[in-house]
Amino acid sequence: MLKIILPTMMLLPTALLSPLKFMWANITTHSLLIATLSLQWLAPSYHPYKNLTQWTGTDQTSSALLVLSCWLLPLMILASQNHLHHEPPTRKRIFATTLITVQPFIILAFSTTELMMFYISFEATLIPTLILITRWGNQPERLSAGIYLLFYTLISSLPLLVAILFMQSQTGTLHLPTLKLTPYPLSPTPVNHWSTLLLNTALLMAFMVKAPLYGLHLWLPKAHVEAPIAGSMLLAALLLKLGGYGIMRITCLTSPPPNNLLHYSFITLALWGALMTSSICLRQVDLKALIAYSSVSHMGLVVAACMIQTHWSFSGAMILMISHGLTSSMLFCLANTNYERTHSRTLLLAQGLQPLLPLMAIWWLLANLTNMALPPTTNLMAELSIMVALFNWSSTTILLTGTATLLTASYTLFMLTTTQRGTLSPYITTLQSSTTREHLLMTLHLLPMLLLILKPELISGPLS
């Protein structure tokens with residue numbers, strides 16, 4: 001674990017002390033080496049925990065998410081270079097430092113085996129994200145978006161802290177492998193029904209806000225729309241997965257739905273939310289808001305899958321989180337390339353770009369096809385696993401999941417045809433052609449997605 005965390009920490013002095021001419025090259029190369037080194041976590045093991053130390057350890061649930069977080073750091077650095085081009089040198093260094101600071105916290109959150117440590121690193125990721133949005137966002141509304149993010153996270157996190165402390169006093173430990181030795185330590189009994197129900201709600205609510213669950217999602221489109229490209233990639237690909245990962249860890253300690261009525265409300269909201277947010281996407285005029293709402297829709301399926309607690313559903317949720325992390329990050333990068341050229345996020349003002357940027361149109365097509373879960377992508381495998389698991393649990397869920405899938409395909413095609421086809425806006429006279437850096441960025445997003453099609457068991461979590 002230290003052989004990844006220490007080089008990540010050493011990225012800070014690299015960013016601060018490198019000559020400005022070589023700063024981007026140095027930190028990108030260094031972080032790519034760390035990403036390559038982190039691939040060893042995907043090696044299969046017969047032991048439940050690998051690399052186990054007193055506080056940290058990787059298992060099949062966390063290893064894929066850890067590799068994803070290491071993989072995305074160089075991509076975020078690559079994507080940010082153009083919009084920082086005119087900034088003074090000091091601000092470039094501060095931006096790189098802020099971006100790198102999030103990484104050790106995310107690695108700790110995914111690898112820790114102790115709930116309090118998880119809580120601290122889970123909360124610590126908020127501060128650099130907030131700085132990224134409120135300092136490097138595009139519009140003055142970024143302050144409002146930052147306040148939404150801060151207060152949604154804090155209001156939901158305080159009950160989580162109280163619940164963790166209460167759990168410590170009740171069970172005597174917060175060590176996850178130890179807690180799992182007792183089957184369902186947080187199950188309600190006739191004696192302590194209400195206290196356990198409140199405890200479960202408090203434990204899950206912080207992660208539901210982060211995931212986000214429909215109804216608690218209002219901060220997400222605001223934050224995405226106002227964030228710089230690195231902030232959007234960080235939010236979509238990693239921080240949302242932190243919520244999903246937290247739900248996975250906590251639901252393992254609670255009893256499944258027949259004995260736990262709390263989970264029914266979460267499943268209902270998640271599936272209804274997937275339907276509603278997909279419908280919202282169909283009438284969006286803002287490209288980044290459309291991609292943000294599609295994230296809520298996909299994470300709704302993940303939340304519903306985690307709630308029913310079967311092997312198939314956990315496996316589907318795991319694959320969907322990884323696939324969606326790469327797909328949505330790629331879509332945000334593509335939206336950013338359009339924004340840097342047209343200076344507008346409005347779909348109607350940036351339509352018909354295929355004749356001007358033909359190679360970008362290929363990336364748009366591939367990203368949209370993976371987003372709508374076309375065979376043989378891992379997105380399809382994940383959605384099918386989740387839909388089958390939910391159908392097996394209750395056959396009426398097929399109506400909601402089926403309609404959500406149909407709407408997903410509709411808004412994805414709407415996004416593709418609007419950005420690439422149609423008449424070119426009259427105010428677009430000249431456009432900068434696409435650069436090698438952008439093509440490299442798209443390749444590094446798409447390559448893992450295509451390779452995972454060949455061996456999806458690397459990311460399928462508990463089933464593998």
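The backbone N, Cα and C atoms fix where each Cβ goes, and this holds for glycine too.
The domain 'NADH:ubiquinone oxidoreductase chain 4 N-terminal' (1-109): residue composition by secondary structure is 77 helix, 3 strand, 29 coil, according to DSSP. Annotation comment: TrEMBL describes 1-109 as domain 'NADH:ubiquinone oxidoreductase chain 4 N-terminal'.
As annotated by TrEMBL, domain 'NADH:quinone oxidoreductase/Mrp antiporter transmembrane' applies to 113-408.
The annotation transmembrane segment is assigned in TrEMBL to 21-43 (among others). Sequence-distant neighbours of the transmembrane segment (21-43) (same chain, 6+ residues past either end, Cβ-Cβ under 8 Å): 3-4, 7-8, 10-11, 14-15, 50-51, 58, 63-64, 66-67, 70-71, 73-74, 77-78, 81, 92-93, 96, 100, 458-459.
Residues of the same chain lying 6 or more positions beyond the ends of the transmembrane segment (63-81) and with a Cβ under 8 Å from any Cβ of it are 4, 8, 24, 27-28, 31-32, 34-35, 37-39, 41-42, 50, 95-96, 99-100, 103, 106-107, 110-111, 228-230, 233-234, 237-238, 241, 245, 318, 321-322, 325-326, 329, 333, 336, 437, 440-441, 444-445, 448, 458-459, 461. What TrEMBL records for 63-81 (among others) is transmembrane segment.
What TrEMBL records for 145-167 (among others) is transmembrane segment.
The list of residues near the transmembrane segment (197-220) in space but at least 6 beyond its ends in sequence, with Cβ under 8 angstroms from a Cβ of it, reads 122, 145, 148-149, 152-153, 156-157, 159-160, 162-164, 166-167, 186, 188, 235, 239-240, 242-244, 246-247, 250-251, 254, 260, 262, 266, 269-270, 272-274, 276-277, 292, 295-296, 299-300, 302-303. The annotation transmembrane segment is assigned in TrEMBL to 197-220 (among others).
Look at TrEMBL and you will find 232-250 (among others) tagged as transmembrane segment.
Positions annotated as transmembrane segment by TrEMBL: 262-282 (among others). Below 8 angstroms of C-beta separation, residues 197, 200-201, 204, 208, 213-215, 217, 251, 254, 256, 290, 293-294, 296-298, 300-301, 303-304, 307-308, 390, 397, 400-401, 403-404, 407-408, 410-411, 414-415 of the same chain, each at least six residues beyond the ends of the transmembrane segment (262-282), sit close to that stretch.
Among the features that TrEMBL reports, transmembrane segment is placed at 289-310 (among others). Residues 208, 211-214, 217, 220-221, 223-225, 236, 240, 243-244, 247-248, 251-252, 256-257, 263, 266-267, 270-271, 273-274, 277-278, 280-281, 316-317, 320-321, 324, 328, 331-332, 335, 345, 347, 371, 383, 385-386, 389-390, 392-393, 397, 401, 404, 407-408, 411-412, 415 of the same chain, all 6+ positions outside the transmembrane segment (289-310), place their C-beta atoms under 8 angstroms from a C-beta of that stretch.
Within its own chain, the transmembrane segment (316-335) has Cβ neighbours under 8 Å at 61, 64-65, 68, 72, 75, 79, 224, 229, 232-233, 236-238, 240-241, 244-245, 248, 287-288, 291, 294-295, 298-299, 301-302, 305-306, 345, 360, 363-364, 367-368, 370-371, 377-379, 381-386, 389, 438, 441-442, 445-446, 448-449, 452, 456, 459-462, counting only residues six or more beyond its boundaries. The transmembrane segment annotation in TrEMBL covers 316-335 (among others).
According to TrEMBL, the transmembrane segment annotation covers 347-366 (among others).
The transmembrane segment annotation in TrEMBL covers 386-416 (among others). For the transmembrane segment (386-416), the list of distant contacts is 257, 267, 271-272, 274-275, 278-279, 281-282, 284, 287, 290-291, 294, 297, 300-302, 304-305, 308, 310, 312-313, 316-317, 320, 347, 364-365, 368, 371-373: same-chain residues at least six beyond its ends, Cβ to Cβ under 8 Å.
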Folded-back contacts onto the transmembrane segment (347-366), same chain, C-beta under 8 angstroms, at least six residues removed: 284-287, 290, 330, 334, 337-339, 415-416, 418-425, 427-428, 431, 433-434, 438-439, 442, 446
Predicted model, mean pLDDT over the domain 'NADH:ubiquinone oxidoreductase chain 4 N-terminal' (1-109): 93
